[in-house]
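Student: Below are the structure tokens for one structure; questions will follow.
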């Protein structure tokens with residue numbers, strides 16, 4: 001019997017061996033490192049040294065946050081130089097530019113907070129004697145005296161408060177300079193010296209009774 005091909009189909013022999021030269025597909029995100037690249041430029045390593053140094057600064061150091069932000073800023077700047085001149089990596093340059101701006105702004109803010117606070121000459125002795133031992137920051141003392149205090153000058157012999165005449169109010173005064181005399185019905189009681197409260201008992205009494213008069 002003759003066999004005649006009725007269609008243009010090709011006949012493939014069974015059990016054929018695949019071609020050994022066929023191309024093998026490699027995943028796009030292949031992580032295997034068969035060939036290590038050369039070591040990066042020195043700028044790259046100096047930047048990482050800045051990061052490492054900033055992270056190991058002890059928190060007990062007074063200016064540790066300023067040093068940390070400063071070293072992070074330097075490290076980001078070096079990374080930008082490395083990515084631009086030696087790596088030509090736009091994404092690395094952009095991200096480190098963002099980090100540079102953030103750390104630089106924080107660094108400037110911390111330095112601004114540490115700026116020396118100038119206390120008025122009349123109040124410097126008061127701060128050193130009464131507020132500095134209590135660890136009151138100079139900026140807080142300046143804010144307190146600037147918003148809620150005023151300096152009053154009395155001439156020699158001028159009365160600060162008259163017995164049974166001057167009303168007690170919410171003020172609390174401290175003698176900055178000179179000496180004051182306290183008397184009761186014409187009899188001398190004691191003196192008030194600099195950096196001492198003048199009317200602290202009367203100030204305490206205003207919390208209980210209003211409209212009282214000075215008794216001394």
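Glycine too: its Cβ is placed from the backbone N, Cα and C atoms.
The following feature annotations were taken from TrEMBL:
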- 40-165: domain 'POPDC1-3' (DOMAIN)
- 66-86: transmembrane segment (TRANSMEM)
- 92-112: transmembrane segment (TRANSMEM)
Student: According to DSSP, how is the domain 'POPDC1-3' (40-165) divided among helix, strand and coil residues?
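Tutor: Grouping H, G, I as helix and E, B as strand yields 87 helix, 0 strand, 39 coil.
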Student: Sort out the residues at least 6 away from either end of the transmembrane segment (92-112), same chain, that have Cβ-Cβ distances under 8 Å to it, and list them.
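Tutor: For the transmembrane segment (92-112), the list is 65-66, 69-70, 72-73, 76-77, 79-80, 83-84.
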Student: What mean pLDDT does the predicted model reach across the domain 'POPDC1-3' (40-165)?
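Tutor: The average pLDDT of the model in the domain 'POPDC1-3' (40-165) works out to 90.
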